[in-house]
Structures are given as structure tokens and as C-alpha cells.
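Novice: Sharing a structure with you now.
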Amino acid sequence: MEAPPFASTTKTLSFRSSSPSSLLFLRKNRLNFRPSRNFCVRASSAGDSVVTLLDYGAGNVRSVRNAIRHLGFDVKDVQTPENILNANRLVFPGVGAFAAAMDVLNKNGMAEALCSYIEKDRPFLGICLGLQLLFESSEEKGPVKGLGLIPGVVGRFDSSNGFQVPHIGWNALQIRKDSLILDDVGSNHVYFVHSYRAMPSDENKEWVSSTCNYGDNFIASVRRGNVHAVQFHPEKSGDVGLSILRRFLYPKAQLTKKPTERKALKLAKRVIACLDVRTNDKGDLVVTKGDQYDVREHTKENEVRELGKPVELARQYYKDGADEVSFLNITGFRDFPLGDLPMLQVLRYTSENVFVPLTVGGGIRDFTDANGRKYSSLEVASEYFRCGADKISIGSDAVYAAEEYLRTGVKSGNSSLEQISRVYGNQAVVVSIDPRRVYLKNPEDAGFKTIRVTNPGPNGEEFAWYQCTVSGGREGRPIGAYELAKAVEELGAGEILLNCIDCDGQKKGFDIDLIKLISDAVSIPVIASSGAGSAEHFSEVFRKTNASAALAAGIFHRKEVPIQSVKEHLLNEGIEVRI
């Protein structure tokens, strides 16, 4: 397992390489975005205002930094084992692979210091992998020895019982004992994204403060004295997550418990706001929306359709209750993304005040710049993660990788999909599929997976296959959506964003035939996209398919259907959602 290739924008552990990166771009020509000010109250004294952060170098730690700063604290990065031992409070936000993390901790002498710190009951908060590493070992590419502080083995979720893996989304907690930091959770949902989990047992029951049900009851949080760790991501769990961090950072403060309106019961269906981002004809970065992928107005000027500014819209959707926000850089297939300073800045500023998951896609592939410098897709993704993305979305490059895999039957390990999922985990990689219907009279004519469609074609055709496209829908490829979905799951995708060119911008509902086909075929979560025009379309796709989430853009941008109206409708229909 290799470490992400860029150096962080802040000083962190010395294992990172110092290869050149697009951070050179970030030192120049900064956008005139205005981050919000005066949004927090600083901690009372200099000694109390510092949180020591153990950033071992994988994934989006910017969100944790932003959440800590939002709550009034400064962040000090661990440089040496002594920094751990001298910390007043230590936060360890781990993402990625268990073995890679333990390798880094052992090589840098951090593992021993971490054990010593925790054994002395010093204030500690582990997040996600930061919880798993406390256990004896993990089966992930293992067995691999952990820190051994908590009895138990971290194992993979069982997908054979019909549950999709990774476990992605907002789920409910069953609180087992007084955990202090979970006092405000009550019956709210919190955000999980992981493929491995630790199970409660008689040996570790004294540690377990809450569990979560996903096929089985797994450990969602632990506590012993001042030592806390959670499997979910508080920095991505909205106001509830911020309250968890606040209670850890202010353990002696008299904080009033917040009343809960309704009880969270299980994994919620997600409602995702999507922002298609591109430059307008004046060179400004704007949010637009296509009509079957055409984003220009049908006027004499033929200008780009503008529906708002990306940072402001993302913040508004967070306030409105969006479960995730997705940025799609729809001209990314033409441009060099590491030189796309505005898009990187959008991520940086959005992540300062938006505490739900952020996905970014567009142009994530290998590049060579004008000077002949080669950049791998892993470098591109790493910069997006460091600028605030939690997940990256791969489109065209995943199609080419799947075609090669199906042709040869060999996983090369060199595709962007394989590289990024190997380093950051498959839960960090979304594959965006852009298919269009090809109607058939005879199902044997296609050579690809064909279905009987609910609505016949223009000439009465009863069958269709879904041809995948690349370059923003401009080029059809000789591969079907079904075949692509199966292939990318094997290559390391953790989630599928399923679009439909025929339905895009039509507001007549999602393509139920397509979504059912794909969500039944794979064991990873599927996000339904394209065609939403009413709240009823969301309940329809959740009732008739196995989609884990549904995404919309235009109806939210134009305020035709508010996000909260969608959620209230889903609640009334008996569908679990986060409120």
C-alpha cells in the first residue's frame, strides 16, 4: 500500500513524499470567495484551544480540521511520537486500509506512543479507522495486527445476506451506556462509510458504548474513561456530528441535551443534491443543468445556462437537509484538473461550512501537462481529497478500464479505479455511468444484457439495452450499463452513480427499468440519477428498486421541489430518511 503522493497543505507525518503537485497553483491567483467569519467562539485559553491531530496521510482529513476550527479550536499536527505523548487532547481520523495505517504508525514510532497515551486515559477520539486500529487485528488483507488495546478482530461485512457493501449512509445508533459524547445523538442518524467492522463480545463489552445494525449489530462506538472512538464520521454527520465533537472538546461544559423529533430506526435512504459545475462564456465558475446533457440556453446567444454559484448553493443545500453534495465538473474531460484552481478552491471553501459528504467528479485520469510532467490519476484524486472531497467520481476512465478488463480478463492494477480504491479504499470511489437506451425488437440483436422495457420504444419496440457513453455523453461505447456495472464492482468501485441520458432534465421520473437492472445486479450501493421532477419520483424509485440514494439537480436549483419537501413526503410514505 502506497501513501498518497502529495504533501499536505499543513505539516504532518514525515512519511509523505514531496513530489511536486498542483499546490503550486494554489499559491497564486486565489479566487475572491469570501469564507464566512465569526462563526465560532474560540476556546478560553491558549493551552485549551489546541487539538493535536494524528494525520497519517490518507483521505480527507480537511473536514475534521474544519470541524474542529468551526468549534473554536486550533489544530496542531503530529510530527513526532513526543507530540502524541504531550497532547492535551488527541484526535485520530483514520481512513483507508488497516495494514497501510499500521505500517505507517509502526515505522514512525507512533504506535507505541499512541498505546502509551491511551493507556494513561488521556483525552482521545478515534474516527473510523481510528477506532478499528485499537483492536487486536484485522482481516483486511490480513490478518494484520492492530494496537491490541481492545479485544476483537475487525472483519468484513457479509454481503451474501443481501446487504450492500460498503455500508454507506446515515444509520441509527443503539446506545448501550453513558458515553458522554453521544448525549446529543439521541435518535438521530449519523454517517457511516466502511466495509469492515468490529463485533461486540463478552471480552470487549466493557468498551462498547453503542452499536449499529447492518445485517448484524456491530460496534459503532467505544468509551473507557477519557478514551473515545467512533466508527462513523462525526465531521460528516451534520449538526449531530458537530455536537459529538463539541462534547469531546468541551467535556466539562454544561451542554443542554437537544430534544429529538423522531426516532431513527435503520439505514436511511439518501437524498443527494448534485451541482453540475463549469465555466460560463465569461470564464466564471457556475452551476448549470443540462437537458439531455445540453447545458446551453436555446436563445440567439446560446449562452451557458446559469443556476447559481457552487459554494453558495452547496451551503444552502446543507442547511436544507441534503444528505450529500456532489460536484460534477462537466468539462473535466477536456481540461487538466490539477490546473483547475477554481474547482479546487470550491472544494476548499465548501468544506469549511458543509459537514456532510462531498463528492467530486470530472477529469480524474492520468495527465501530461504542457511541460511534459506526467500526473497519475492517483495524484489527481489525492489533491481532490486534500481539498475537501470525501469521494471521487470516475466516468470515462472507468469505462475504458472495464472494457479492457472484459476483453482480457486481467486486472492490470493500473487503471484510475484500481489505483485509487487500492490506496483510499473502495468506499471512496464512485463510478458514474452515463447510458442511453437502444431499443430493440429482438432481444438477441444486442450482444449485451437486454430487458423488456415498461414503456415501448418509438416504433413499438419492447426491448432495450443501455449503451454506455464517454466524454459527457458525446461518444457511445461498445459496452452495456449492466456489463460495466459488474466489471467496475470487481475492479474496486464502492458505489455507482447511475445516470440516464434519455431522462436527463425531462422531469418525468427516474428510469426505473435501468435502476432496477443495475441495483439488482451489484452488491455495492447504487445512486439513482436523472429525471426527478417531483417528490413522488423519489418514493417511486425507492419502492421499486434497490437504490440506496436518489440524486437531483435542476428541481433543487430552481426551487421547484425543496429538499425538505422530498424528505417529508418520503417519511409520509414510510421510507426511512434523515431529518
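Here the Cβ of each residue, glycine as well, is placed from N, Cα and C on the backbone.
Grabbed the feature section from TrEMBL, which reads as follows:
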type	residues	note
ACT_SITE	CYS128	active site, for GATase activity
ACT_SITE	HIS233	active site, for GATase activity
ACT_SITE	GLU235	active site, for GATase activity
ACT_SITE	ASP276	active site
ACT_SITE	ASP434	active site
BINDING	CYS128	L-glutamine binding site
BINDING	GLY363, ASN499	substrate binding site
DOMAIN	53-249	domain 'Glutamine amidotransferase'
Novice: Compared by Cα position, which of the recorded positions CYS128, ASP276, GLY363, ASP434, ASN499 is the closest one to GLU235 (active site, for GATase activity)?
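Specialist: Of all the candidates listed, CYS128 is nearest in space.
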Novice: Just to be sure I understand the packing, how many Cβ atoms besides its own are within 10 Å of the Cβ of CYS128 (active site, for GATase activity)?
Specialist: 27
Novice: Averaged over the domain 'Glutamine amidotransferase' (53-249), what pLDDT does the prediction give?
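Specialist: Mean pLDDT across the domain 'Glutamine amidotransferase' (53-249) comes out at 94.
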Novice: Measuring Cα to Cα, how far is ASN499 (substrate binding site) from ASP434 (active site) in Å?
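Specialist: Cα of ASN499 (substrate binding site) to Cα of ASP434 (active site) measures 5 Å after rounding.
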Novice: Determine, using Cα-Cα distances only, which of these recorded positions is closest to HIS233 (active site, for GATase activity): CYS128, ASP276, GLY363, ASP434.
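Specialist: Nearest listed residue in space: CYS128.
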Novice: Across all protein chains in the structure, which of the active-site residues ASP276, ASP434 has the highest Cβ count within 10 Å?
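Specialist: The most densely surrounded of these active-site residues is ASP434.
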Novice: When the number of other CB atoms within 10 A of each residue's CB is tallied over all shown chains, which of the recorded positions HIS233, GLY363, ASN499 has the maximum?
Specialist: ASN499
Novice: Taking the Cα atoms as reference points, how far is CYS128 (active site, for GATase activity) from ASP276 (active site) in Å?
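Specialist: Just about 30 Å between their Cα atoms.
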Novice: If you draw a 10 Å sphere around the Cβ of GLU235 (active site, for GATase activity), how many other Cβ atoms fall inside it, taking every protein chain shown into account?
Specialist: 30
Novice: How far is it from ASP434 (active site) to ASP276 (active site), counting Cα to Cα, in Å?
Specialist: 14
Novice: Distance check, please: Cα of GLY363 (substrate binding site) against Cα of ASP276 (active site), rounded to an integer number of angstrom.
Specialist: 13
